[in-house]
Amino acid sequence: MKHLDRLQHKIGYEFSNLTLLKQALTHRSAAKVHNERLEFLGDAILNLTIGEALYLQFPHCNEGELSRMRATLVREKTLAELAHQFDLGNYMALGAGELKSGGFRRASILADCVEAIIGAMSLDSNLPKTMEIVRRWYEVLLRDIQPGENQKDPKTRLQEYLQGKRLALPAYNVTDIQGEAHCQTFTVECHVENLDRTFVGVAGSRRKAEQVAAEQILKVLDIK
């Protein structure tokens, strides 16, 4: 498993039980034994790790400021960027349909895989060791983050911008839901007054899909 050796070097952790790593890399479209339970565990550990790091780093910030910074650091976009650093797209096991549709590049799948790897590391070792590795992944991001307006989520920032311009609020509509109840993928379209196009967000929940669409609009409007 030379290719997994390379991946383990990139993430900074060597698995004792490679089966856990393989499961973390397996999307539900590829096998009955997949990474969603590991993702659930990894999500909790990630939030704990980043929450603790921010609590210690910013002793004078209130709960709202800490929550917004944590949301920025654990959001899909940030996790997908970490996945690109690890070249996770080259290691994931995807079903034929997901491969054909470019699932190895999809931010939601990459982000879920990062969380699954965190969950797998915790089962392979222990919580303190896993948190230490995650803090190492986030070293630069934690160093650079600061409380402030840019920590608000995309939907909030878009709404405040439109209100400031006295424009109508965005309209979000779910246009498609795929998958079974416990593992659905939502497609959301968003329309904004004075922008002659439709923006589409796809994610594992309606809320996340709306955030993806809102972030696309912010980019078009050049709002940082």
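Glycine is treated like the rest: Cβ placed from N, Cα and C.
Swiss-Prot has this to say about the protein:
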type	residues	note
DOMAIN	4-126	domain 'RNase III'
BINDING	Glu39, Asp112, Glu115	Mg(2+) binding site
ACT_SITE	Asp43	active site
ACT_SITE	Glu115	active site
DOMAIN	153-223	domain 'DRBM'
>> I'm checking region-level scores; what's the whole-number mean pLDDT for the domain 'DRBM' (153-223)?
In response: 88
> Is Asp112 (Mg(2+) binding site) helix, strand or coil when read with DSSP?
Replying inline: helix
>> Quick check on the binding-site residues: of Asp112, Glu115, whose CB has the lowest count of neighbouring CB atoms inside 10 Å?
In response: Glu115
>> Looking only at the domain 'DRBM' (153-223), how are its residues distributed among DSSP helix, strand and coil?
In response: 26 helix, 20 strand, 25 coil
> Taking DSSP states H, G and I as helix and E and B as strand, how many residues of the domain 'RNase III' (4-126) are helix, strand and coil?
Replying inline: 88 helix, 2 strand, 33 coil
>> Suppose the Mg(2+) site is Glu39, Asp112, Glu115. Which further residues of the same chain have a Cβ inside 8 angstroms of that site's Cβ centroid?
In response: Asn35, Glu36, Leu38, Phe40, Gly42, Asp43, Ala111, Cys113, Val114, Ala116, Gly119
